[in-house]
Structure formats: C-alpha cells, structure tokens
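Here Swiss-Prot flags GLY112, THR113, ASN114, GLY115, LYS116, SER117, THR118 as ATP binding site.
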Amino acid sequence: MNHSLYLVAGLGKTGLSIARYLKRNNKSFVVFDTRKEAPGLAEFQNEFPDVPIYLQQTPDEVISQVTDVITSPGLALDTPVLERARQAGASIYGDIECLAREISAPVIAITGTNGKSTVTTLVGEMAKAAGFRVAVAGNIGTPVLDMLDDEHHYDLWVLELSSFQLDLTYSLSPVVATILNVTPDHLDRHHTMEAYTQAKQRIYRGAKAVLFNREDVYTVPHQSCQTDIKCISFGKDAPSMGNWGLIEQENTTYLAKGMERLLPVESILIKGVHNWMNALAACALAEAAGISMQHILNVLKTFPGLPHRCQWVREVDGVGWINDSKGTNIGATISAINGIGGSMQGKIVLIAGGQGKGADFQELAQPVSEFVRSIVLIGEDADKIESALAKVVPVVRASSLEGAVTIAKTCAKPGDVVLLSPACASLDMFRDFNHRGDVFTSSVRGL
C-alpha cells in the first residue's frame with residue numbers, strides 16, 4: 001500500500017504539470033501556493049476538483065504527513081512551508097528531478113546567465129535536422145513533465161535549466177552539460193555570486209562531458225576534470241586541438257574547431273560576437289551528442305534567432321532599431337552592447353531600465369563609454385542606473401517605453417542603432433519581457 005503524500009508547492013504552468021504527473025502515477029497529493037490568488041487556480045480546480053489546495057499557509061497536520069515536496073522553481077528554498085517540510089523529514093526537489101528519475105534517453109543540459117534559450121533552440125534544431133526525435137524543454141516552452149507522456153517517442157532531451165531548477169535537481173546525468181557564462185543575476189534570490197555560481201555548477205554533476213567558456217572562470221568545472229570526463233571549451237580566441245573558437249584569416253572571421261575552419265561568421269544569420277559564442281557552444285554540444293557536422297552547419301546557416309534577443313526590427317532614416325527585451329540583466333546588456341557596437345561604424349542609443357534585481361549598474365560603464373551615444377531610461381530603477389552612468393554619457397528619462405522610442409529617435413544619427421536592452425526585469429511596467437519587446441516593436445513600426 002502506498003502511504004506517500006506529495007505536496008505540490010507552487011501553481012502556475014509547472015505546478016499544473018507536476019499535478020498531472022502525480023495523477024498519472026496514482027500518487028496522493030495536496031497543493032500549496034504562497035499567493036492568495038494563485039495563477040492557474042481555476043484551471044487547476046477544474047482539472048483536480050478533489051485535491052485539497054492551501055493558499056498562503058499549510059496546516060501542521062498536513063505538513064507532518066508529507067513525504068515529498070515537488071516545488072516550482074519560482075518558490076525560494078527558504079519559504080517557510082518548505083523549511084517546515086524539510087524539518088519534518090520530507091524530500092524536496094523539482095520537476096527536472098522527476099524527469100531525471102523517469103527517462104533513459106540521453107540529455108544535453110544547458111545553463112548560463114545569458115544565451116541559454118538561443119543555444120537550447122539551436123541544438124534542438126540541429127538534432128531535428130539529423131533525424132533525432134528530440135524534446136526541447138526545461139526553462140523554455142512546455143514544462144518537462146507534460147512531455148513525459150510521450151517519453152518513448154524521444155531519443156534525445158535538450159534541456160535549458162535555470163539556477164533555480166538546478167537547486168532542486170540531484171540525479172540528472174547529462175551526456176554533455178554546459179555553463180555558457182555567469183554574470184550577476186538573481187542576486188535577490190541567491191544573495192551572493194558564490195551561491196549563484198554554485199547553483200550553476202550543479203549541472204556538471206554526473207555529466208559524461210562538460211563544455212565550458214574558457215574566458216569565464218565561473219564556468220570552469222569546480223571539480224577538476226577527471227580522466228573519464230571529457231572537457232571541451234569554447235571562446236573568442238583561436239582554439240587548441242579539440243576545442244572551439246574563432247580564427248581570423250585574410251580579413252575573415254571563421255567559426256573553428258581546433259585549426260579547422262568551419263564557417264565564416266558572415267554565413268550565419270544571428271549577429272554579434274555574443275551570438276558567435278552561442279553558435280560555437282551549440283556546435284560543440286551537438287557534436288558531443290553525436291550529431292554530424294553537416295547537419296550542425298546547415299542549421300547554423302538558416303537559424304534566424306529568437307524573438308526579443310538582439311532581433312532586428314527595421315531601419316528608419318538611416319538608423320537601425322534592435323529589440324533585445326530579453327536583456328533582463330547587466331551581463332546580457334553588456335553582451336548586446338559589445339556584440340553590436342563592435343560590428344558597426346556608428347554609435348548606440350540605449351533604451352534601458354526596469355527592475356534591477358539588486359545589480360551593480362557601474363558594470364555597464366566601460367561598454368557604454370566605448371559604444372553608446374546616449375541612454376534613455378524607463379522604469380523602477382531608472383534612478384540607480386542614472387546615478388551609475390550619468391557621468392559617462394548623456395542620460396534622458398521617459399515615462400513610458402513609447403515615449404522612450406520617440407526620444408531615442410531624436411538622439412540617434414544616421415549610421416547609429418537604437419538598442420532596447422534594458423539590463424532589468426520587466427514586471428514593473430509589463431506582463432513579461434515578451435510584452436515589453438512587443439510594445440517596443442509596435443512603437444518602432446509606427447515611426
């Protein structure tokens with residue numbers, strides 16, 4: 001007889017998928033959410049009318065019976081209900097851990113502060129081109145447990161994993177794992193760079209091969225590579241044998257593996273040095289998982305990039321407009337400024353601002369001084385950004401993103417690019433970064 005009682009912590013998309021997974025496996029469960037009006041509550045009650053739901057508080061007599069807590073990654077590990085369950089002896093883990101315990105197909109695991117979604121999508125496309133039945137999931141698209149129904153159809157999983165998901169995962173043994181880069185983000189949750197890096201490093205546990213960024217010390221495996229683990233690196237410099245990088249020859253830059261030139265960067269559609277790094281990482285991961293170089297390079301030549309990630313909108317009166325609304329932290333915005341600024345003659349007019357998540361905006365000073373003409377600020381933390389950068393370049397304030405577009409048009413000169421890369425989260429003014437990007441794109445199309 002099964003006496004286990006599961007607590008699903010957190011509703012929303014992930015919580016719903018966990019509940020469906022438990023129901024398919026005939027497990028008894030209850031649900032908790034910290035919010036009085038939890039997202040997806042009506043949908044949940046419609047689908048699971050007999051399952052008890054506790055909002056904001058869970059009684060001690062329930063906690064004392066719980067054997068396992070499967071929590072959504074959005075719930076901080078020090079949430080009181082999780083602390084009480086831990087003290088009562090319950091195991092606490094997330095949906096990725098459930099997946100790891102269920103599947104036998106190989107996994108490519110991808111994390112990093114920036115570029116995760118681009119690399120994950122690219123690797124998925126490479127696998128599809130090579131004929132793999134591939135599941136692309138995790139911190140992108142469909143929750144993993146909603147895809148488990150079809151597990152026998154997949155011969156490869158490509159997972160984008162956030163630091164929050166990795167905090168809750170113990171058994172994943174990827175065929176290859178990578179940390180693309182680590183820059184300050186989510187410090188409101190992890191508190192220190194050390195804790196944030198430690199969460200990212202969990203992706204390497206049990207991996208058969210690891211791919212790291214040789215220009216970012218935080219991505220280098222903390223456990224030195226053992227003899228049975230293959231270590232591969234990528235970077236902007238010329239690579240050593242078996243590694244990935246860029247080679248300059250006769251005024252042309254090539255993606256390369258060792259001394260082998262694979263493709264001139266002009267042949268790929270995703271632009272900017274940061275996207276060349278994403279392309280190299282995707283190549284390395286795909287090859288490590290057994291995908292042929294022919295399929296890898298064919299996809300690279302046709303992949304258009306993802307919406308809201310350094311996405312070209314249009315040119316107006318000689319000025320280019322680029323939507324990088326996914327630039328929700330300083331590292332992403334630095335990558336965008338350096339990547340775009342380093343490949344053009346003019347200057348950048350930067351639109352930035354929103355919720356800064358405790359970041360230090362002084363880190364923007366160097367790339368801003370080199371490539372940016374002026375900054376138009378919006379949002380909650382505009383004061384903090386202005387105090388960090390007002391001595392570097394002219395700073396103007398706008399009360400809305402539509403207003404910022406109008407101001408940026410007057411600041412830019414022919415040959416310039418207006419770049420929306422906020423270095424901040426969007427929730428002070430928008431539903432999410434997609435909404436912010438859509439508002440920007442719509443405003444630019446209306447110029």
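Note that Cβ sites are derived from N, Cα and C of the backbone, with glycine treated the same way.
GLY115 (ATP binding site) counts 25 other C-beta atoms within 10 Å of its own C-beta, drawing on all protein chains shown. The number of other Cβ atoms within 10 Å of the Cβ belonging to SER117 (ATP binding site), over all protein chains shown, comes to 21. Annotation note: THR118 (ATP binding site) sits in a helical segment as assigned by DSSP. In sequence order, ILE110, VAL119, LEU180, ASN181, ASN278, ALA332 are the same-chain residues whose CB sits within 8 A of the CB centroid of GLY112, THR113, ASN114, GLY115, LYS116, SER117, THR118, the residues recorded for ATP being left out.
Neighbour density for LYS116 (ATP binding site): within 10 A of its CB lie 24 other CB atoms from the protein chains shown. In sequence order, VAL119, THR178, ILE179, LEU180, ASN181, VAL182, LYS200, THR219 make up the list of same-chain residues 6 or more apart from GLY112 (ATP binding site) whose Cβ falls under 8 Å from its Cβ. All protein chains considered, the CB of THR113 (ATP binding site) has 26 other CB atoms within 10 Å.
Of all the Cβ atoms in the protein chains shown, 26 others lie within 10 Å of the Cβ of THR118 (ATP binding site).
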